[in-house]
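Step one of this worksheet: look at the structure below.
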Amino acid sequence: KSSKREWKPLEDHSCTDVPWLLLFVLFCIGMGFICGFSIATGAAARLLSGYDSYGNICGQKNVKVEGIVNSGLDLTHKKYVFFLDPCNIDLVHQKIKSIALCVSACPRKELKTLADVQNFAETNGSTLCSYELHPSEYTTDPRAAKLCPKFPVPESAPIPFFHRCAPVNISCYAKFAEALITFVSDSSVLHRLISGVMTSKEIIMGLCLLSLVLSMILMVIIRYISRVLVWILTILVILGSLGGTGVLWWLYAKQRMSAGALETQVAKDNLQALLIYAIAATVFTVILFLIMLIMRKRVGLTIALFHVAGKVFIHLPLLVFQPFWTFFVLILFWTYWITVLLFLGITGSPVPNEEGFVEFRMAGPLKYMWWYHIVGLVWISEFILACQQMTVAGAVVTYYFTREKRNLPFTPILASVNRLVCYHLGTVAKGSFIITLVKIPRMILMYIHTQLKGKENACARCMLKACICCLWCLEKCLTYLNQNAYTATAINSTNFCTSAKDAFVILVENALRVAAINTVGDFMLFLGKVLIVCSTGLAGIMLLNYQRDYTIWVLPLIIVCLFAFLVAHCFLSIYEMVVDVLFLCFAIDTKYNDGSPGREFYMDKVLMEFVENSRKSMKEAGRGGGAEGRELKPM
């Protein structure tokens, strides 16, 4: 026999991958340096207080910029940035292509003539024309045509915390979105879509809250009635898909019969959208029914697996809230990252451009700091997600390898977090860095493919897509292996490479069982996501149908369904993670224990029966071969 390292679950803990932790800390210090450098060079003040086209920061005294007129002004009493043409947006350079001035107040009503602008300046003390023009010259100086705002001046209000005057009317933003979305041939369509979202915003918020509630209810159902959940879920999905499809065709037929009353363009758009939705729902229902028909013999195998995972959630209820904490931390980091990115956009020394205005540019190696910043976005985001995986793995491992469940720690989640912080942050940093090494090249190739769209030949396009697909597959495989490596680290407190190798060996030895769990278990969790999306979408159809005559609800319904899927994915991904950790623990348990005195099993009997039934089922299907494994002995 070849000597194999024995697994000793939870017997000792030691620090793992310390050099990688030090490297990650140094990298984070570099991220902090970028933020500090941006603030020190005045980027924070320019972002928050705003600045005009001459390099002056609003609301303070400024230093003269050589070669720039109107620079170095005292603008202590002019705290708001006003754009002479706020709707003139340059999509190429991603900025408003307009002269910016510092003003005392934003125009709170529409101004249609120079006389209105002059009256506004005399009444409010806020001059909306360039600094070299006195308010008394607005109606007499011929330069006013270029140095005053474009008419009509829209009603605007200051953006909170950022001191920019922004138009109150959303038509300006609709034109901007229209320029971005090139597939909309009729500009009026986009205006109706945006107005539909604004009109239905209360319904959208309510439906998003409904999806959150349904996800929580599904998690509770998984905890308490896991034995019958699979069949309930299967029946509900079938009835929901059939019911949703029937309702769509019924609504289409009802509106089609009253075609003579379709006088508004909105009603015609809704009728066309109903037909598209009905056809798509029919195709989806047929495909879903065929898949469930093929997998009907394996549906029963997931019942035992869901039952054991349900026990984990009963003993570890805080697992349900893991997506909230992770999402909250990610939002905080992304907010910081976007803020620093905005800093970088206005960091540097003031230099005059070809139009005679001021731009802030960095010179030398500093202009490449944003590359470092992008790598930080990917690595730190993956690090936060990996911390969640390690926390969940540590808590489930503690549950599995504790024979007497009443001896579990008071809060296994907090105990797992404590072990992560004290021992395994280096392992998480290394695993997340490996994912970063694959994800960044894929992002670069996707960016190149987007930039060359329509310019490259068919061969180059095919090669780019093949490379992107291969990197995506590699990323998914590495993510799955990383998750199991974190589980091995939580069990045996070994470094990342050792844990990944041990986990890979275990997974290869149980390849057929892994295939059974990943196909059937993941499919049932997917049905749970489909159920939540279908329920939320059906509720949305019924509510938005009452506004069909004056609101186009294609975009609101898409927004609601996407949000429902995102929420369901966040919750059920935790359940999927628990199932994967349980299976690896089970595979290790059966490999090194046989039920004899001194080598008793740790596993739950239901889980053991599940895998044994899975082996028998796959054998009957002709795929068992010679890799059946040894017969399991009961506890």
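Placement of Cβ uses the backbone N, Cα and C atoms for every residue, glycine included.
Predicted automatically and left uncurated, TrEMBL annotations should be read as such.
Summarising the annotation, TrEMBL assigns transmembrane segment to 20-45, 203-222, 228-253, 274-295, 301-320, 327-348, 368-401, 523-544, 550-572.
Between the transmembrane segment (203-222) and the transmembrane segment (523-544) there are at least 3 Cβ pairs closer than 8 Å, counting only pairs 6 or more residues apart in sequence, which means the two stretches are in contact. 228-253 is the stretch from 20-45, 228-253, 327-348, 368-401 with the greatest number of Cβ pairs below 8 Å to the transmembrane segment (523-544). Among the recorded stretches 228-253, 274-295, 327-348, 368-401, the one sharing the largest number of Cβ pairs closer than 8 Å with the transmembrane segment (20-45) is 327-348. For the transmembrane segment (274-295), same-chain residues at least 6 beyond its ends with a Cβ under 8 Å from one of its own Cβ atoms are 234, 237-238, 241-242, 244-245, 248-249, 251-252, 255, 519-520, 523, 530.
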